[in-house]
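Visitor: Submitted below is the structure of interest, expressed as structure tokens.
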Amino acid sequence: MPGTSTPPTEDSVLPQAPRRSLWRHRDFRLLWGGQTVSELGASVSSLALPLVAVAQLGASAFQAALLTAASWSGYLLATLPAGPLADRMSRRRLLVWCDIGRAAVTALIPIAALAGVLTLAQLYVVTVVTSVLSAVFDVAYPSYLPSLVDKDQLVDANGKLSTAGSVAQLAGPSLAGVLVSSIGATRAVVADAASFVVSVLSLLAIRTPEAPPEPEPEAESQPRRQVRAEILDALRFLLRHRILRSIAASSALSNLFVAMALALELVFLVRDLHAQPWQIGFVMLGGAVGGLLGGLLTGRLAKRIGTARMIWLPFLALGWSGLLAPLARGGWGVYLVAVGSLVFAASSVPFNAAATGYRQAICPPESLGRVNAASRWLSWGTAPVGAVLGGLLGDWIGVRTTLVVAGFGAWACCLFVLCSPLRRMRDIPE
């Protein structure tokens, strides 16, 4: 198992330059375009659904918080089982069925609203089901990518796909505002359902053949026991591999502290900085621009500083960016928070692209789905805990002090990767 061997030296690395530009790769363009549209639709729902709950259904603050928790539930409920599922069946087929399910479930909201029967309970159910399907999709998605592009293009491909999310975050709030103000929040959700249909069509148009999954006869006789064993095996693979363990630990703890800060960001902007709505939008725009810049620069950074260094160097900037917000005061302070959001997002994209590329490069193809699932579960399972912890600390020690704790905590997480063999490597090994 790779985790028991000595880390490769810089002599064993991926080629530095891809043979062909990914923008000339027809099937990659289809995947990228479909996911950009899908992310754009999701960004519309991220604004429209809370507005439906609060403005139309009269949700209280606690009920609105439950809706946010429901949107994260898929990471805890479905991520680990999704790994063996992604390794047992065609990953592209799994992606298609997830998108079909998300389109159908999301469309129930405007249909129920049109019939005059929409309730908060329905909103919770739709959000949970969509979150579960999204969790399965997010596991199969990076597991499918290595069958589409060459290994030496994985980091660049991951960076470009991360850019899709950033582009959606950049345009999504404006599009959502126009749609909500012109046709209403529930009708705006139709855009999200339609975006999943576009994603289905783009996936079906891909021509690159996918290698069939290897048969596992033991799974037919004892499916539950086999799935449980595969999940545990993936977790052991991550935790026994020194570098993957360091990446997982840094991601899990940093997401905990980041969730602490994000849970209080809006409260801090409104109550402490007295920010106007357009200024809050400016802060969101800063994060979107940062993510876009990070995605566009990922390929160049991989060639200039090395793909392995892209895992730990951005963490240094990612950590201190969280310390800018608690320094902010009224007026100009809003722009300091926006700068922090920009730096955070710009640092996160190269890190995520390189870390995902590392797993894709060293993990056996037949187990990539379950390893990606285990990694995502470890990394994002801490986010709901962090959000709750942030709310509790905000009431106990104050919002600004909690942001300081979260900022220092996120910065300290870089020690896990700084103390790993990654610091002595330039590029991701084969």
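A Cβ is built for glycine as well, from the same backbone N, Cα and C atoms used for every other residue.
As annotated in TrEMBL:
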DOMAIN    243-430  domain 'Major facilitator superfamily (MFS) profile'
TRANSMEM  61-82  transmembrane segment
TRANSMEM  94-115  transmembrane segment
TRANSMEM  246-270  transmembrane segment
TRANSMEM  276-298  transmembrane segment
TRANSMEM  310-328  transmembrane segment
TRANSMEM  334-356  transmembrane segment
TRANSMEM  377-397  transmembrane segment
TRANSMEM  403-422  transmembrane segment
Visitor: What stretch of 94-115, 246-270, 276-298, 403-422 shows the most Cβ pairs under 8 Å to the transmembrane segment (310-328)?
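Guide: By the under-8 Å Cβ criterion, the transmembrane segment (310-328) pairs most with 403-422.
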Visitor: Sequence-remote contacts (6 or more beyond its ends) of the transmembrane segment (334-356), Cβ cut-off under 8 Å?
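Guide: Residues 142, 154-156, 158-159, 162-163, 166, 247, 251, 258, 265, 268-269, 273, 275, 279, 282-291, 293-295, 297-298, 301-302, 307-308, 310-311, 314-315, 317-318, 321-325, 327-328, 372, 428 contact the transmembrane segment (334-356) from elsewhere in the chain.
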Visitor: Which range out of 94-115, 246-270, 276-298, 377-397 gives the transmembrane segment (403-422) the most CB pairs under 8 Å?
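Guide: It is 246-270 that shares the most Cβ pairs under 8 Å with the transmembrane segment (403-422).
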Visitor: Which listed range (94-115, 276-298, 377-397) shows the maximal number of Cβ pairs under 8 Å with respect to the transmembrane segment (246-270)?
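Guide: Per the Cβ under 8 Å count, 377-397.
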Visitor: Restricting to the domain 'Major facilitator superfamily (MFS) profile' (243-430), report the mean pLDDT as a whole number.
Guide: 80
Visitor: Please report, as numbers and ranges, the same-chain residues at least 6 past the borders of the transmembrane segment (377-397) whose CB is under 8 Å from any CB of it.
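Guide: Contacts with the transmembrane segment (377-397): 68-69, 72, 75-76, 79-80, 235, 238, 248, 251-253, 255-264, 267, 405-406.
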Visitor: Mind checking which residues reach the transmembrane segment (276-298)? Cβ under 8 Å, same chain, six or more beyond either end.
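Guide: Same-chain contacts beyond the flanks: 155-156, 158-160, 162-167, 169-170, 173, 265-266, 269-270, 310, 334-335, 337-350, 353-354.
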